[in-house]
Amino acid sequence: MATRQQNGRVGIIKKLRRSVSASEHSMSELRNRKSTQYLFDQHGTPIDLRQFRKVLDKEDNGNNNNNSEKKTRYRRTQSVTRAEEITTKSEKQRLKQPDKSCHRPRDSLFSWSSGFSNFTGLVNWGFLLLTIGGFRLCLENLLKYGIRINPLDWYIFVSGKNSSEGHGSLFLILYSFIHISICLLVEKALAMEIISEGLGMFMQVTNIIVVVVLPVVIMHLKSHLFGLMGALTVCFFYSILFLKLWSYVQVNMWCRETYYSRQYNPRVRRPSLTLAELKNGHLDDEEKDEDIPVLVQYPDNLCYNDLIYFLAAPTLCYELNFPRTNRIRKRFLFKRLLEVVFGINVVLALFQQWIIPSVKNSLIPFSNMEIGLATERLLKLALPNHLVWLCFFYLTFHSLLNAIGEVMHFADRNFYNDWWNSNNIDTFWRTWNMPVHRWCVRHLYIPVVKMGYSSRQASTIVFMISAFFHEYLVSVPLQTYKIWAFLGMMGQIPLSAISKSVERTLGPRMGNITVWASIILGQPLCIMMYYHDYVITHFSNSLNGTVRGHM
């Protein structure tokens, strides 16, 4: 009965609050009101306050603590309800007019307040316009240079048949097995406590540094044994080997510290077992489950099979137990391999037909510092270069790495995130290359912060290491030691601050446009600079002879 009376009281209060007249007064004014004239509910039925006065008094006395909160909430609801009521009445009055009104309060579609978001037609228009512009450039290139695509030249360029006198690249790649073996043997010696921790880490650091320095020295002394593509392959391979061995050594160091702390710390408690459990064979029941794979424990991971799998896996971060797939999807693997084969041919064709002539034509304007003409060459090179870069991204991070992951049963396929939606440069570098980003955070940024450095200093160190490897992958194969790639990467730090400022002041869309502009224009500028320096460094005598002949 008490519950029914309480529900009835609440229903009366809701009825009073929803009435048209009650919305114009506070509940205290209704309580003190003596006359019931002009007090109606929503259905037009007169309301007699004398019937509800006791209920109002009980409502007021029982909720003294929440009175102020209810009044505040009621005032807010009252203003919104009143505004909607006025708008509705106004629209009804306008509709009753004989002039048949066709206007109502509305914003233009391009206004943010309109709520309109369907711009599919404009996107199609932009895509069509971009296609027409690209087709015009292709037609201009064909009319000016003819068909330059020749698969035989691709084979000669990739194999380095006419640009080298031996197979130095192959020998250097095979020689890397010595560095891999040294790394594994030192880790085993540290696990067996044959050598001290300090000596072992010194040997590992020296071995990893030699991995980066050795290609530079060999290519400088025996440059005639290396073609451009072979040298680039060696530098890329040794850079990946450097990052992987760093991760391998550091993770094993973490495992070794935990292993010895458990082994020599007498305070570590182990779970107790009853005699009945031992007799019934309940020891390690979880490990005997056939559906749950047995995890590899340190130091059982220190073997060639484990290390070779890590070196072949599409990741830079080492773990003792990688997530694995149960089977190889043959159709998925075939699609990815087909994309790799077809995509490589498309990229080489774009290089031969479109990029090489544009880069060659930029040499003289760039050398003479003709700003207008050099800018025109830069913009002309931007489109094919950006198209090649997009193809390279898809082939590497989607097709190739997915194919390797499928063959290796590697389950973590998070090779990239939605970098195309980045609103600032910082977000772009955190999302476009997830294997490198994950390595930088795990093995560089977090350890540096734990050493007492600030996050800004740690980020600067990460960019410096990244800038070094960008310069390493360009200068060493070209044998042209400049610092343009290094400065370009270090320039990302102030550019990141600029893009964040643009995002804050002009909105996320302008921040995203800033990111795209830096990608589209920055890369061709770097290509033109390195091509100019490469020609000046290696062909300066031929250029001088040509100039004298013309004179």
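Heads up, the Cβ atoms here are built off N, Cα and C, so glycines get one too.
The feature active site is assigned by TrEMBL to His470.
According to TrEMBL, the compositional bias 'Basic and acidic residues' annotation covers 82-104.
For 56-104, the entry in TrEMBL reads region 'Disordered'.
Summarising the annotation, TrEMBL assigns transmembrane segment to 109-135 (among others).
Per TrEMBL, the feature transmembrane segment maps to 168-186 (among others).
Remote same-chain residues near the transmembrane segment (198-219) are listed as 168, 172, 175-176, 179, 182-183, 186-187, 189-190, 226, 231, 234-235, 238-239, 241-242, 245-246, 249, 253, 472, 476-477, 479 (criterion: CB distance under 8 Å, separation of at least six residues from the stretch ends). Feature annotation from TrEMBL assigns transmembrane segment to 198-219 (among others).
Summarising the annotation, TrEMBL assigns transmembrane segment to 225-246 (among others).
Annotated transmembrane segment per TrEMBL: 337-356 (among others), in sequence order.
As annotated by TrEMBL, transmembrane segment applies to 387-405 (among others).
Taken from TrEMBL, the feature transmembrane segment applies to 458-475 (among others).
The transmembrane segment feature in TrEMBL is assigned to 510-531 (among others).
The number of other Cβ atoms within 10 Å of the Cβ belonging to His470 (active site), over all protein chains shown, comes to 18. Under 8 Å from some Cβ of the transmembrane segment (458-475) lie the Cβ atoms of residues 212, 216, 232, 235-236, 239, 436, 440, 444-445, 448-449, 481-490, 492-493, 530, all in the same chain and six or more residues away from its ends. The list of residues near the transmembrane segment (168-186) in space but at least 6 beyond its ends in sequence, with Cβ under 8 angstroms from a Cβ of it, reads 160, 195, 200, 203-204, 207-208, 210-211, 214-215, 218-219, 222, 225-227, 230-231, 233-234, 237-238, 241, 245, 248-249, 302-304, 307, 311.
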